[in-house]
Amino acid sequence: MAGMPVLGNSVGAGELRDTSHASNRSSSSGSRRDSSPHRGQEHEVDVCCHRSELSSALATRSRPSSYERDYLENNKVPTMASLSSGGVITHTAPSYEEQRASPALLSRNTSTPGGRSTVRDDGYCSAGSTPRAFDHKSTKGSVVTLSCYKKEPKVQIEEEGYYTEATKRIRANSIKADASDGRETWGTGADFLLSIIGFAVDLANVWRFPYLCYRNGGGAFLIPYMLMLIFGAVPLFYMELILGQYNRQGPITLWKICPLFKGVGFCAVMVAFYVSFYYNVIIGWAFYFLVSSARSELPWLHCNNVWNTEQCWDAGRTNSTNRTDMPYQGPLSHFTPASEFFHRAVLEMQYSEGLNDLGLPKWQLVACLGVVYITLYLSLFKGVKSSGKVVWMTATMPYVVLSILLARGLLLPGATRGIAYYLQPELSRLRDTQVWVDAAVQIFYSVGAGFGVHLSYASYNTFHNNCYRDCLITTLVNCFTSFFSGFVIFTYLGFMSHKQGVPISSVATEGPGLVFQVYPEAVATLPGASLWAMLFFFMLIMLGLDSGMGGLECVITGLLDEARACGATWLRREHFTLLVVSISFCVACINVTPGGIYMFHLLDTYAAGISLLCSALFEALAVSWFYGLKRFSDDVEEMLGFRPGIYWRICWKFISPIFIIGVVVFGLLYQQPLQYQQYTYPQWAVVLGWGLACSSILMIPIVAIYKLITTSGTCRQRVACCISPEAEHDAIRGGAPVSRFTWRHWFYV
């Protein structure tokens with residue numbers, strides 16, 4: 001890069017050219033500073049504040065350095081911040097001449113090996129965190145100071161020269177006794193863990209993974225699935241948890257760490273909002289089926305209903321009693337009772353000719369959708385204090401229901417045949433590129449990285465929460481749920497294949513067709529069919545609700561944090577949540593019209609496809625390359641007490657971005673014509689879909705250009721400020737060297 005300083009001769013604004021072995025954790029207006037240890041070549045200096053006095057050590061030298069000469073000529077006086085029982089006190093550190101002349105000031109204070117002060121530093125040096133070890137009883141009548149500025153005086157003198165007097169006051173006032181920033185936290189760690197599990201484990205675990213496993217080689221599919229999980233999705237998932245927990249900000253305001261990529265936050269929020277337009281409709285359908293199942297005989301058992309056609313085929317009747325001579329083609333046929341109930345009784349597709357003829361919303365589905373959104377609002381309007389309690393039911397109940405359904409399904413004839421089809425390995429399928437693409441897409445969307453939901457949830461954690469453990473537990477639970485639900489689904493598919501004498505390929509499918517056509521027909525002939533149907537659709541509602549909560553929480557947290565950062569502190573969460581939920585409900589009503597299924601399929605195809613992948617890709621690039629992998633590793637060490645291993649660093653910087661790029665390329669190369677059943681979408685609908693996808697992707701370059709234009713300073717300073725944390729901007733404009741203009745920053749792994 002042209003104009004780069006010589007490697008090793010520059011430090012970032014706000015970073016230290018320190019000669020002590022201490023870990024420097026300095027605080028500046030709402031951000032945590034670099035905390036990596038620095039080794040020097042000369043003498044150690046430990047400047048630290050104690051309860052009643054300030055003591056420091058300064059080794060004498062034959063001639064003053066350039067920093068000392070600059071201090072003497074310009075009279076730049078460093079300020080120190082201390083905390084007393086009355087508030088924050090800012091005082092002047094001893095001058096250079098005083099330190100050289102006074103033997104008392106040259107006496108070394110008590111410290112541990114390596115120059116670290118005995119005053120415990122838990123890494124809490126900002127207004128966004130709370131000290132863990134703080135003796136409140138001893139603060140009365142004495143001065144208590146924070147050991148946040150353990151710097152060599154010459155380095156502090158140099159840095160103070162880059163800040164204005166107003167900035168100094170802001171930095172001093174940011175050191176508080178009660179470091180709470182007013183942001184609420186989860187009631188317990190289990191609330192957070194269940195919330196991210198509930199979002200990661202959703203309907204796709206039930207209606208997509210089992211079918212992909214069957215179609216792509218059975219047990220052999222687990223090989224690409226696990227590889228994509230380990231090297232692609234999990235590192236990005238872990239990165240989001242770290243970003244949210246360390247910065248305690250939503251997916252938009254988080255990007256003060258690298259303003260050039262603030263559009264990534266807007267992209268993630270828009271994707272999550274678009275998904276809510278159709279994802280919550282699925283929960284509404286499940287609620288409609290749940291109510292319809294509460295009767296002695298399921299409405300999709302026979303063909304003698306008003307919505308049935310002459311072509312309806314009742315598998316329970318003989319050919320002589322059926323109203324059609326057409327042979328039975330399996331539950332995926334458009335003429336089975338379950339299929340006609342879903343398409344003609346629930347969706348009422350017969351009253352629409354396509355996307356250009358949507359019609360009016362069906363009031364029964366609007367009522368079901370309204371119940372879903374009311375539930376979402378009541379779960380979200382109080383923040384994580386309320387949603388954290390709801391997930392105890394929504395995240396755990398599906399496992400109870402799945403276990404009950406599996407126990408019943410294993411008693412059915414043909415169940416073992418279905419499981420054999422599900423798991424039978426075909427290693428030859430691993431040569432097919434599409435198998436690897438399917439595995440990558442499935443695990444990526446299943447884990448949920450890129451939506452900004454995990455980031456939003458993690459922003460309500462305590463600073464030292466072990467998010468590394470939460471990441472591993474959530475991943476294991478997510479994979480187990482996908483695999484376990486496959487046993488449940490394929491026991492019933494094997495039963496249908498055995499009873500109706502059709503190959504299992506005529507039974508197995510994915511998506512809404514599986515849960516609203518195939519499975520309802522499977523349970524319709526069981527003793528106590530209504531009970532099993534109600535259990536199944538209740539499970540779908542529980543699986544969907546916590547994922548729906550996560551998506552809207554991302555939107556609410558992201559926009560609300562940004563609005564308050566822009567000065568709208570008067571905005572209440574209850575009112576803003578009502579606004580977001582109401583808008584989402586109004587748009588979702590389009591999907592419950594007679595032609596709504598066509599809009600549903602359009603949104604499902606384009607709303608969270610390429611745009612979600614781009615959100616995750618630029619998030620990984622921004623953090624590991626521009627923000628800096630070293631700085632990010634220092635953040636992890638400050639927060640969790642250990643640095644991420646080489647596996648995580650290589651995945652963040654190289655493997656995960658390459659993995660996403662590969663999925664995007666294959667997704668673009670293997671585009672399928674947009675159609676639903678026999679309906680082929682017009683060209684304007686495809687353009688509309690791509691416009692929807694691009695509307696969120698374009699936020700990334702648009703916001704980046706806006707930041708470059710509106711940032712003050714020279715061209716070099718603008719670029720430096722846009723790729724550096726906001727806390728360093730004043731120092732950059734004051735002439736401080738920029739660490740991101742060095743090769744060391746870009747090549748660190």
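Cβ coordinates are placed from backbone N, Cα and C, and glycine is handled just like the others.
Source: prediction; values computed, not measured.
Look at TrEMBL and you will find Gly198, Ala200, Val201, Asn205, Ser446, Asn478, Leu543, Asp546, Ser547 tagged as Na(+) binding site. Annotated compositional bias 'Low complexity' per TrEMBL: 21-30, in sequence order. Residues annotated as compositional bias 'Basic and acidic residues' in TrEMBL: 31-49. According to TrEMBL, the feature disulfide bond maps to Cys303-Cys312. What TrEMBL records for 1-49, 97-123 is region 'Disordered'. The feature transmembrane segment is assigned by TrEMBL to 222-243, 264-291, 363-380, 400-423, 443-460, 472-495, 522-543, 578-600, 606-629, 650-670, 690-709.
On the structure: features taken from TrEMBL.
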{"residue": "Gly198", "record": "Na(+) binding site", "Cβ contacts under 8 Å, 6 or more apart": "Val391, Thr394, Ala395, Asp546, Ser547, Met549, Gly550"}
{"residue": "Val201", "record": "Na(+) binding site", "Cβ contacts under 8 Å, 6 or more apart": "Ala395, Pro398, Val477, Asn478, Thr481, Leu543"}
{"residue": "Ser446", "record": "Na(+) binding site", "Cβ contacts under 8 Å, 6 or more apart": "Ala200, Asp202, Ala204, Asn205, Phe209, Ala233, Asn478, Ser482"}
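Cβ neighbour count for Leu543 (Na(+) binding site): 29 (other Cβ atoms within 10 Å of its Cβ, all protein chains included). Under the criterion of 3 or more C-beta pairs below 8 Å, with sequence separation of 6 or more, the transmembrane segment (522-543) and the transmembrane segment (400-423) qualify as touching.
Contact between the transmembrane segment (222-243) and the transmembrane segment (690-709) is absent: fewer than three CB pairs lie under 8 Å, with pairs separated by 6 or more positions in sequence. Counting C-beta pairs under 8 angstroms (sequence separation of 6 or more), the transmembrane segment (578-600) fails to reach the transmembrane segment (443-460), with fewer than 3 such pairs. Same-chain neighbours of the Na(+) site beyond Gly198, Ala200, Val201, Asn205, Ser446, Asn478, Leu543, Asp546, Ser547, judged by a C-beta within 8 angstroms of the site's C-beta center, are, in sequence order, Ile197, Phe199, Asp202, Ala204, Ala395, Gly448, Thr481.
The transmembrane segment (264-291) and the transmembrane segment (472-495) are not in contact, since fewer than 3 Cβ pairs between them lie under 8 Å (pairs 6 or more apart in sequence).
Here the transmembrane segment (363-380) has long-range neighbours at 280-281, 283-285, 287-288, 291, 346, 386-387, 390, 545, 548-549, 552-553, 556, 577-578, 581, 584-585, 588-589, 592, meaning same-chain residues at least 6 beyond its ends whose C-beta is under 8 angstroms from one of its own. With a cut-off of 8 Å between Cβ atoms, the residues of this chain six or more beyond the transmembrane segment (606-629) that come close are 236, 239-240, 243, 255, 257-258, 260-261, 264, 267-268, 270-271, 274-275, 277-278, 444-445, 449-452, 649, 652-653, 656-657, 660-661, 663-664, 667-668, 689-690, 692-694, 696-697, 700, 723, 725, 739-740, 745-746, 748-749.
Within 10 Å of the C-beta atom of Cys312 (disulfide bond) sit 24 other C-beta atoms, taking all shown protein chains into account.
When Cβ atoms from all protein chains are considered, those within 10 Å of Cys303 (disulfide bond) total 23, not counting its own.
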